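What TrEMBL says about this protein:
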DOMAIN    4-195  domain 'Electron transfer flavoprotein alpha/beta-subunit N-terminal'
BINDING   Arg208, 233-234, 247-251, 264-271, Asn285  FAD binding site
Amino acid sequence: MKQAGIIIEAEHGQVKETSLGVITLAAKTADFLTALVMDGITHEITEQLAEYGIHTIVDLSLPEAPAIRLNPAVRATAVVQAARELNLDRVLGLSSPEGKDLLPRVAALLDAPLVMDCVDVDLNTGLAKTSQYSGKVMAQIQLTGETLVFGVRPNAVPPEPRPVPAKTVVMTENKAVPENITLLSWDNGDSEGRPSLVEADIIIAGGRGLKNKDNFSLIIDCAEKLNAAPGASRVAVDEGWVPYALQVGQTGEKVSPQVYIACGISGSIQHFAGMKTAKMIIAVNKDENAAIMANCDYQVSGDLFDILPEIMKQL
Ligand SMILES: Cc1cc2nc3c(=O)[nH]c(=O)nc-3n(C[C@H](O)[C@H](O)[C@H](O)COP(=O)(O)OP(=O)(O)OC[C@H]3O[C@@H](n4cnc5c(N)ncnc54)[C@H](O)[C@@H]3O)c2cc1C
């Protein structure tokens, strides 16, 4: 009987779609699913978790004060305490910015093997599927050990409802603040209410073809109309047009939206490493021989400075 603990990410009092996807993935091969919730439980969160197949909801009841609650060492310790107490032999979370900070700490404290950026896992056998070498190969990685930890690529698995009766448990152990990490500040970024890059169903990204920072507002405006997240190639980031948080690729975020619209991006292997698992890729480019044009679902051939305003008009 595999007992999976799933670290839940929530926002505005709701479980993120991407976390529900992790539950759906875990439900394929685990017998018993436990949700580990760190930032407070609402009625809506409880209902969502039961709707998607969670048997036990654990409220880790971290202190309200952000300096303690958001301290990654405090969070990792809370997860590990729950995993030990509840005999969770599989721990899963998102390969999101938070997960990338948290899961390696959890794995280290549990002395367990970890694989990040999984697109599939079998919790019975410990086999994980993950992209490696900038997306050049899809690797199957076999983890061995009593307890295994997996980071799942956001949006790799669409959530599917699977209602079960869920019970809630509150764990109130003292969450001591470690002396070696002090959280000085927390910046939620300036996404201005837009969906985050790793969560978004639609991403519209810009590259060198935008030519300068002012023109990048075309991408931001289109993103707002589409309720999409704006993204960028490394060139756009290196040029200082947008912050690094928007970079997609090998050294940026790995994203799997339903639709990825690449504007003025050539489609380097390093960029592809971050978005090749998008369900649909649309390329807007004036060079028909650009690599992205051969690796997309829809080509829009032409000057983005004509095409984007036209799309805005149509929207
Ligand atoms: C170790 C390493 C890690 C890297 N990590 C990343 C990463 O994480 N993410 C990333 O993106 N890159 C990364 N890179 C950089 C990568 O190799 C490319 O240099 C980069 O992706 C190119 O960005 P681009 O497509 O915006 O620019 P370019 O390759 O210069 O392409 C610009 C495109 O815009 C088109 N264009 C120009 N004007 C217009 C117009 N008016 N209308 C329509 N189309 C137009 C051109 O035809 C061209 O195809 C990395 C490189 C290295 C070495």
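Quick reminder: no glycine exception, Cβ is built from N, Cα and C everywhere.
Keep in mind that what you see is a predicted model, and the values were worked out from it rather than measured.
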Candidate with the highest Cβ count within 10 Å, taken from the binding-site residues Gln247, Ser268: Gln247
Secondary structure at His271 (FAD binding site), reduced by DSSP to three states: helix
Spatial neighbours of His271 (FAD binding site) that are distant in sequence (at least 6 apart) but have CB under 8 A: Gly207, Ser233, Arg234, Val248, Gly249, Gln250, Ala262, Ile265, Ile292
